[in-house]
Structure formats: structure tokens, C-alpha cells
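Report on the following structure.
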Amino acid sequence: MRHLLSTTDLTRDDAVDLLDVAEEMAQVSEREVKKLPVLRGRTVVNLFFEDSTRTRLSFEAAAKRLSADVINFSAKGSSVSKGESLQDTMQTLAAMGADAVVVRHAGSGTPHRLATSGWIDVPILNAGDGTHEHPTQALLDSFTLRRVRGGLPASGPAEGARGTDLAGSTVAIVGDILHSRVARSNVHLLNTLGAQVVLIGPPTLMPWGVEEWPAEVFYDYDDALAAHEFDAVMMLRVQLERMHQSFFPNPREYTRLWGLTPQRYRALPGHTAIMHPGPMNRGFEICAEAADSPRAVVLSQVANGVAVRMAALYRLLMGTESEGRS
Ligand code: CP
């Protein structure tokens, strides 16, 4: 594996391997020695053209726990505001000795462009590109689901999840599917790992051709809840910043029809985990009762993001034994 651009590039074995390495990393994070020396002397650049809290900080924490040096680049306050191009920005990073670039960009396909441009010859990790994909988010979601499915602690050190996939699981992804790179990456990865995916949302926030996706589609939340016993319900943020104002959903109507309200939350089976990639719009797509409940694994998802990103950096920079790299 040279880059991590899309979950469509991962076979079941690739995905299980990354989740298994992340399990090892989750053990390391809890030990007395909190750093591994494996990436000492390497430089990881976090190149963020869009805002982020979880992804940027956890990539930084992941790189530091592997003893890499980290350069954080935020487009705000950089020479991008003076008109510097993506090509010149990348070539500047190459000249500084970057060994891997983690990129978030509003343009769908930007990480793929960087990986094929020849401007820089290092692994590229997609940290979210437009409405396209967010592969490490999907990996941390599957890591969390695998734990929950196995009756294990949702985060922290645990034994027993290694080698398994998500066959037999049913996962609902609910809300603004249209603008969600998290939904796209999860639909691919969950299918690869054998889970059944159910997409739920208003017709206006479903992508064109969604019926062709490998998922069951519901336009009525309560019909979907009546039809399935979900292992997890993954609520999505309504991405108002990607919508024209005239297309904003009416908040009260959205919450009533598509929100995880107290009523829907209380009617869920006792084993259903509540997931959200964050940041959450409390009171809009998810009620505080659900977000703060013991069944919510939202903060475990954040914690698992560090272990999963350690695994991704480790595999991309160190390779596998079969690749003969070290
Ligand atoms: N889930 C996620 O990508 O969050 P951030 O935007 O805070 O990175």
C-alpha cells in the first residue's frame, strides 16, 4: 500500500490488517512507555486546507507516538492566501524533507491528484476531501464497531477483536448522506468487512444514484427502525457550510423526521451503539440524551482515531514484511 486515498482501495485483508495493527497501537498507547521509536527521523506533514479538530490533532498525536517529527500546515495564515498554488505548496514541503503528507482539502479528488502529480514522491493520506472520502474515519468507525460487536470495551486496550471482520452486523448511517465523505468511505469499508449498510435520510440529502450503492436505502427513519435491529446507528452532521442557503433544511422539521430524538433513542434495542463522527450539532441531528448516554461511543471513536492513524502511518511508512520494506 503506497497511499491511503479511498476505502475502495482496501481489500478485506488490508482492512483487517490495519485494524489489527491499530489494536497493537491501542495497547501501546496505554502502556507506561507511550512512544514507539519506529518513525524516529521521519517527518509527517499535516496539510489542512479545511478546518478540523479530531482528524488533525489525532494525526499529530499518532505521528508523535511513533516518534516522528510533525509539521502542521494550515492554509489559513499561510502563503496560500497570497495565491501560492497547490503545486508550489507541495514542492515546498518536498524541499523541507516531508516523508508523508496528510491532506484535508475541500476539493474532492485532491489527495489523488497529489499522489499522481509527481510534485512530491511520498505516501499521501486522505484526511477528508470535499464530499468524496474520509478513509481513516471509516477505519476508526470499523475499529469501534468491531470492538462493540465483540462485546469488548469500545476503546483502550482489549484482547479478542484481532482477525475478525464485521460479518453479520447491520449499521444505519443517517442524515446528510449527500455531503458526507464519512458515509461514502463507510459504505465501501463496511461492505468490504461484511456488514450490511442501511442509509436513511431525506430525498433532498441523498446523492444521485444512491439506489445503485451497496446499501439499503430508506427515506423514512421510523420505517427503517421498524425493519432492522441495528448494531449501530451512525448519525451524520448536517453540513450547512456545503449547502446553498436556499437548500437549508428546516431545523425543526429535520429534527422531527431525521433526528435521533429522545423518543427514537429510547425505542432502540439495548445493544445498539450510538455513533457520530463529530462535530455534533446537538439538538439538531442528535439529542443530548443519546449523545451523552452510556451507549454512545462517540468519544471512543475519537480515542480509536489515534490508534488507527498510528496504524496507517506505520503501514505506509514502514510497509509490511511481504512488501520487504522496513
Ligand atoms: N470527524 C472529523 O473529521 O472531525 P474533524 O472535522 O474535527 O476532523
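Cβ coordinates come from backbone N, Cα and C, glycine included.
Any TrEMBL annotation is an automated prediction that lacks curation.
Keep in mind that what you see is a predicted model, and the values were worked out from it rather than measured.
Annotated features in TrEMBL:
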type: BINDING; residues: Arg54, Thr55, Arg104, His134, Gln137, Gly278, Pro279; note: carbamoyl phosphate binding site
type: BINDING; residues: Lys82, Arg181, Arg237; note: L-aspartate binding site
type: DOMAIN; residues: 2-146; note: domain 'Aspartate/ornithine carbamoyltransferase carbamoyl-P binding'
type: DOMAIN; residues: 168-315; note: domain 'Aspartate/ornithine carbamoyltransferase Asp/Orn-binding'
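With a cut-off of under 6 Å between the Cβ and any atom of ligand 1, the binding-site residues Arg54, Thr55, Arg104, Arg237, Gly278 reduce to Arg54, Thr55, Gly278.
The record assigns Lys82, Arg181, Arg237 to the L-aspartate site; their largest pairwise CA distance measures 32 Å. Apart from the site residues Arg54, Thr55, Arg104, His134, Gln137, Gly278, Pro279, the chain places the Cβ of Ser52, Thr53, Ala127, Gly128, Val182, Pro277, Gly305 no farther than 8 Å from the centroid of the site's Cβ atoms, the recorded carbamoyl phosphate location.
Counting every protein chain shown, 26 other Cβ atoms lie within 10 Å of the Cβ of Arg104 (carbamoyl phosphate binding site). For Gly278 (carbamoyl phosphate binding site), the binding-site residues whose C-alpha atoms fall inside a 10 Å radius of its own C-alpha are Arg237, out of Lys82, Arg181, Arg237. Its Cβ taken as reference, Thr55 (carbamoyl phosphate binding site) is surrounded by 25 other Cβ atoms within 10 Å in the chains shown.
Among the residues the record lists as binding carbamoyl phosphate, namely Arg54, Thr55, Arg104, His134, Gln137, Gly278, Pro279, the two farthest apart have Cα atoms separated by 16 Å.
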